[in-house]
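Enquirer: First the structure, which I've put down as structure tokens, then a few questions once you've had a look.
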Amino acid sequence: MASAPRVSEVLTKKNLPPLSLYNFYIYIRDEENAIEFLDLFLDIMLHKFLFREHIRGLYKAGVTSTSLNTESSSTLGPHHFTRFRSASLSLEDLSTVYWPNFGPLLLEELSNEQTINSSDLLLSKDRAAYLKNLLTSNIQSLTQESTVISKEQVKMFTQIIIEKYFNPASPHEVMLPPQLVQPILDCKEHQRQDELRLFEDVETYLLNFLLKPAYYRFLNHKFKHNLNPLTCTGRFIIGYVSTFAAYWLGFCGIFLDYSRRKRVWTLLPFAFGFYNLICTWSKHDPVLALLGYSEVKPFHYEKVLQPSIRLSLNRRAIFVLSIIVLIVGANTAIFSCVPSIRL
């Protein structure tokens, strides 16, 4: 795994599949059952990004450093923003511009049904699928002079994050150490939701103690496996039934005195059965790997574009195929070559 990308590269969508943010999101959701933590981390990234864009907009508009310091300490009055009113983005525009870069940005609260693709997302609740279909090249540029983020918009985003993840009454509440949560709640009470470093300690905790360990498990999974666990369950059932049928046909061929030419056809159910059973055991489909594909969700495949991942999967595919051929060949030879006897 020496050539594997860092977790920061995956979280900022700078890497190729299967080590992509979309796949990492699916893994955290299905395997780690910690999707709320990843959602929170992505939304904190968005909070920092919006704050910096807000500061950049103030600089472009000619705000002095003194005014900027006053703004960051939450003492800047609303009259300073009247000059930017014609250039400010609406909240609906913000959801379409900033959401795609960072993934799950509380879309249920921030977007309306007229926003592109948002209505489908609200119905399906599949935020991971929305991540996959987005292309960074199609996102509106944030460097336009006409786009300015206001203080009120930053505070509104912050308020939504606090209410969703730190409110005990919220269904999406994340369980974090009290020493991390209490300062955030105190800022809410004192109306200081526009501070850049408000979520800094939470971000560090999530990255170092939750996301990095999960990412190493994600890497191990992608380097060794290319099947979804739900598919493995189905493959096990199919393989078990097929293998049972192969043994049943093999014994019938022996005790009903069938010729060896006929009994050799037990090769087919043995091959089909053991292929699925061993794929389930290894969570690896060798044919799929040699074709260069990996299963993300049940019956949903994507091309493996990461060279190191593809090389690792191909090596494992040869090993798994060797085991399958050995077991199938041994069973076929036994049931074909054993002398038959009519009972």
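Placed from the backbone N, Cα and C atoms, the Cβ positions cover glycine too.
Model, not experiment: these values are computed from the prediction.
According to Swiss-Prot, the protein has these features:
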type     : residues : note
TOPO_DOM : 1-235    : topological domain 'Cytoplasmic'
DOMAIN   : 109-228  : domain 'RGS'
TRANSMEM : 236-256  : transmembrane segment
TOPO_DOM : 257-263  : topological domain 'Extracellular'
TRANSMEM : 264-284  : transmembrane segment
TOPO_DOM : 285-317  : topological domain 'Cytoplasmic'
TRANSMEM : 318-338  : transmembrane segment
TOPO_DOM : 339-343  : topological domain 'Extracellular'
Enquirer: Determine which residues of the chain contact the topological domain 'Extracellular' (257-263) at the Cβ level, with the cut-off under 8 Å and only residues 6 or more beyond its ends counted.
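Expert: Contacts with the topological domain 'Extracellular' (257-263): 250, 335-337, 340-342.
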Enquirer: What does DSSP give as the helix, strand and coil breakdown of the topological domain 'Extracellular' (257-263)?
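Expert: Within the topological domain 'Extracellular' (257-263) the tally stands at 4 helix, 0 strand, 3 coil.
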Enquirer: Over the topological domain 'Cytoplasmic' (1-235), what is the model's mean pLDDT?
Expert: 68
Enquirer: Counting by DSSP secondary structure, give me helix, strand and coil numbers for the topological domain 'Extracellular' (339-343).
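Expert: Secondary-structure breakdown of the topological domain 'Extracellular' (339-343): 0 helix, 0 strand, 5 coil.
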Enquirer: What does the DSSP secondary structure composition of the topological domain 'Cytoplasmic' (285-317) look like, as residue counts for helix, strand and coil?
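Expert: When I sort the residues of the topological domain 'Cytoplasmic' (285-317) into the three classes, I find 16 helix, 9 strand, 8 coil.
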Enquirer: In terms of Cβ proximity under 8 Å, which residues at least six beyond the ends of the topological domain 'Cytoplasmic' (285-317) contact it?
Expert: 1, 3-4, 15-19, 22-23, 26, 222-224, 226-228, 230-231, 234, 279, 324
Enquirer: Using Cβ atoms and a strict cutoff of less than 8 Å, what residues sit near the topological domain 'Extracellular' (339-343) while being 6 or more residues removed from its termini?
Expert: 253-259, 263
